[in-house]
Amino acid sequence: MSKLRIAVAGVNGRMGRCLVQAVTAAGEKCELVAATEHPESSVIGADAGEIAGVGRLGVAVVPSLRDAAAFDVLIDFTRPQSSLDNLAECVSRKSKVVLGTTGFTDEQKGQIAEFAKQTAVVFASNFSVGVNLVFKLLEMATRVMGDYSDIEVVEAHHRHKVDAPSGTALSMGEAVARALGKNLNDIAVKERNGIIGERKPGTIGFSTIRAGDIVGEHTVMFADIGERVEISHKASSRMTFANGAVRAAQWLSDRTTGLFNMQDVLNLK
Ligand SMILES: NC(=O)C1=CN([C@@H]2O[C@H](COP(=O)(O)OP(=O)(O)OC[C@H]3O[C@@H](n4cnc5c(N)ncnc54)[C@H](OP(=O)(O)O)[C@@H]3O)[C@@H](O)[C@H]2O)C=CC1
Ligand SMILES: O=C(O)C1=N[C@H](C(=O)O)C[C@H](O)C1
């Protein structure tokens, strides 16, 4: 059987380097055939394997996906505009996409859904197995305690993260809001400062910590008077996201079009 040909965008990023390691570790099933970086990056022309610390792979980093060799699936964990440009290129090449970038606006998410009518896309704010299990646990907790408890989402990430709240925190909020039969945009509280008055019932609060090298931690709290339930996930290595993304790339082999998420890949729906 021929190997799945994978391209990685943003190969010199924190996730980009882990993704090359994960593709290489997938050995017989996958091979890295292309890698991109920001056009002004100092690593353009360098070997993607050497950047990721897995040894020479013979894949030189190119400044645009348009310059990349033929590939079956792009794995993209970069920035919203760069990912949208890459999706357009994948549609024109009939390549599939695993999309892990966060921080998209609602309008940009609509554009991703349009692209997914023309190629198959797995788009997930978090590719770890554990977080996707948490999404299911949140549905149950919301069914039991959602109507009367105060729901708060707390997330912590490293100092370099540029978007807030994290994509995962928002997905957790969406899972809870869906189980409540509500739209997250109508009930989310993302800022609190000064004399803001008592907590409004039925809202979902979001708190953000940015510090040091925290890989990614999320807690959803269901708090009543006298007791509270907290559902937490802590990632201690980015390889958990990278391995999930490579698993998603392989899962896409059976799909031609459509927008999927990691719960589809893990059969958790
Ligand atoms: N879904 C999930 O499971 C996870 C999602 N993420 C998300 O992935 C994204 C990346 O995170 P992280 O790796 O920490 O960030 P980094 O900043 O380390 O990496 C992003 C990389 O993309 C590069 N880049 C930016 N624009 C372009 C472009 N036009 N072409 C090619 N490369 C480009 C950046 O280059 P430069 O620095 O030169 O701009 C950088 O190397 C974030 O949105 C993050 O939230 C992260 C972990 C898990
Ligand atoms: O930027 C990160 O690092 C992460 N981003 C994702 C998010 O925004 O949820 C996933 C993970 O928590 C790490």
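Any Cβ shown, glycine's included, is placed from N, Cα and C.
TrEMBL names G10, V11, N12, G13, R14, M15, G100, T101, T102, A124, S125, N126, F127 for binding NAD(+). Of E28, E31, E37, the residue it gives for the same site is E37.
Whole-number maximum of the Cα to Cα distances across the NAD(+)-binding residues G10, V11, N12, G13, R14, M15, E37, G100, T101, T102, A124, S125, N126, F127: 22 angstrom. Residue density at A124 (NAD(+) binding site): 26 other Cβ atoms are found within 10 A of its Cβ, drawing on all protein chains shown. Proximity of the binding-site residues G10, N12, R14, A124 to ligand 2, judged by a Cβ distance under 6 angstroms to any of its atoms, singles out none of them. Residue pair A124 (NAD(+) binding site) / T168 ((S)-2,3,4,5-tetrahydrodipicolinate binding site) shows a Cα separation of 8 Å. Taking the binding-site residues N12, T101, N126 in turn and counting surrounding C-beta atoms within 10 angstroms, the largest count is reached at N126. DSSP gives H157 (active site, proton donor/acceptor) a strand state.
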